[in-house]
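Following: one structure in structure tokens, then a few remarks.
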Amino acid sequence: GMRRSPDVSPRRLSDISPQLRQLKYLVVDEAIKEDLKWSRSVEDLTSGPVGLTSIEERILRITGYYGYQPWAASCKREERPRDSPGPAEAQAPAGVEAGGRASRRCWTCSPAQLKKVFWGVAVVLCVCSSWAGSTQLAKLTFGKFDAPFTLTWFATNWNFLFFPLYYVGHVCKSTEKQSVKQRYRECCRFFGDNGLTLKVFFTKAAPFGVLWTLTNYLYLHAIKKINTTDVSVLFCCNKAFVFLLSWIVLRDRFMGVRIVAAILAIAGIVMMTYADGFHSHSVIGIALVVASASMSALYKVLFKLLLGSAKFGEAALFLSILGVFNIVFITCIPIILYFTKVEYWSSFDDIPWGNLCGFSVLLLTFNIVLNFGIAVTYPTLMSLGIVLSVPVNAVVDHYTSQIVFNGVRVIAIIIIGLGFLLLLLPEEWDVWLIKLLTRLKVRKKEEPAEGGADLSSGPQSKNRRARPSFAH
């Protein structure tokens, strides 16, 4: 396992200083010890050298020796997807361990996996319906109440409910129940040893509050300008932007497939501007969504950079703090917009409160499922929900607006979708593909030889063949 191409291994200590900083936190993290216990599967322990190799591999992953970031390590698979509780986030981590596991187990499906897939379908439907629903409801609301910033502000205030909802879940599920204060103190450690101080609030929470507001405001403003299909498909580009930013800022591993995906996303954006001809209206709308997707990507990458990865409670507390930030510091903006007549309504009776609350509930549901759905299913499935909201919006648009699905628009939608799906490929997809192909070849060769082969030599030869694939 140690031999690795020189360009990947860190040459100077400074290269791995972020990883060492992460290690400092890994030491105290109880949940990770649990994860390690959980991920050390029976087969690892039964086959000696293989077990050793995978432990060695984990150590190298944690120290970032492979060019893996610590948050991409498979032994932290459970932890990772809560990296950045973000606005409209499609959070799929680099890969789904199920794939690797399944290929090793010769495609047997355990009840636990079936349960995960079943939950996955439920989560996909939930993500898809809440995301498409909130987009459509926003479009409807702007017919009567033309105030995208006020709507953003109103919906973000509901973030305050994250921590209370998480605490209710904690009380229902956890064996050792803690008081609200204890739980809060424990989750505050996420912000550093001193907990949540004013300095931390302004340096580590306020920037994310601003980015969250910008992401949602730009998205909603775009809905006023262009149709919801274009908005939802263009927002899918945020995954490509996350990759590009991680590659530049976090020095994430370079992956050819992801560069291809990023190019497809950018090509899709350009084609989308052609779809309606270059009207100023549609160009502004497209620019707004692309800006929204960029803010969302910046939010995620900054989160990894400044805060690392968060556990459920920490993510819930963080999102609640964003709600508080919104109430305390952003409230003045809708008031200013109201008095400057930028976002004006004649009387408070005219406000469609039902729509506003409906939109807020859908957006809250969307963010809850994205941040906590990872507890019950695979993160890749949750990202699929976002892609599937595009055809849902397209069907609604087809019946409610004058959208023209010309060739250019359809191709743009397809290439952006394709780029998004390419980004869902796990980091080691090439290794897995090669493993899968060799396994199929091996199977074909073994079938005729099985009859005459001595039984005692069978398993050993198989073991010998399996070892190199672990020590890739």
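Start at 1 and count along the chain as shown; that gives each residue its number.
Glycine is treated like the rest: Cβ placed from N, Cα and C.
Note that TrEMBL annotation is computational and uncurated.
Listed features, source TrEMBL:
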type: TRANSMEM; residues: 117-138; note: transmembrane segment
type: DOMAIN; residues: 119-273; note: domain 'EamA'
type: TRANSMEM; residues: 150-169; note: transmembrane segment
type: TRANSMEM; residues: 190-212; note: transmembrane segment
type: TRANSMEM; residues: 232-250; note: transmembrane segment
type: TRANSMEM; residues: 257-275; note: transmembrane segment
type: TRANSMEM; residues: 281-303; note: transmembrane segment
type: TRANSMEM; residues: 315-339; note: transmembrane segment
type: TRANSMEM; residues: 376-396; note: transmembrane segment
type: TRANSMEM; residues: 402-425; note: transmembrane segment
type: REGION; residues: 444-472; note: region 'Disordered'
type: COMPBIAS; residues: 462-472; note: compositional bias 'Basic residues'
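Taken as a whole, the domain 'EamA' (119-273) shows an average pLDDT of 92 in this prediction. Residues of the same chain lying 6 or more positions beyond the ends of the transmembrane segment (281-303) and with a Cβ under 8 Å from any Cβ of it are 83-89, 91, 207-208, 211-212, 214-219, 221-222, 224-226, 230-231, 234-239, 241-242, 244-246, 249-250, 269, 272-273, 275.
Counting Cβ pairs closer than 8 Å to the transmembrane segment (117-138), the top stretch among 150-169, 232-250, 315-339, 376-396, 402-425 is 376-396. Packing against the transmembrane segment (232-250) from elsewhere in the chain are residues 18, 69, 88, 90, 131-132, 135, 219, 222, 258, 261-262, 264-266, 268-269, 272, 286, 289-290, 292-294, 296-298, 300-301, 304-305, 383, 386-387, 389-390, 393, 412-413, 416-417, 419-420, 423: each is 6 or more residues past its ends and has a CB under 8 Å from a CB in it. If you look at the transmembrane segment (257-275), the same-chain residues 6 or more away from its ends with a CB under 8 A from one of its CBs are 230, 233-234, 236-237, 239-241, 243-244, 247, 282-283, 286, 290, 406, 408-409, 411-413, 415-416, 418-420, 422-423, 425, 429. Counted over residue pairs 6 or more apart, the CB atoms of the transmembrane segment (315-339) and the transmembrane segment (150-169) come under 8 Å in at least three pairs, which marks the two as touching.
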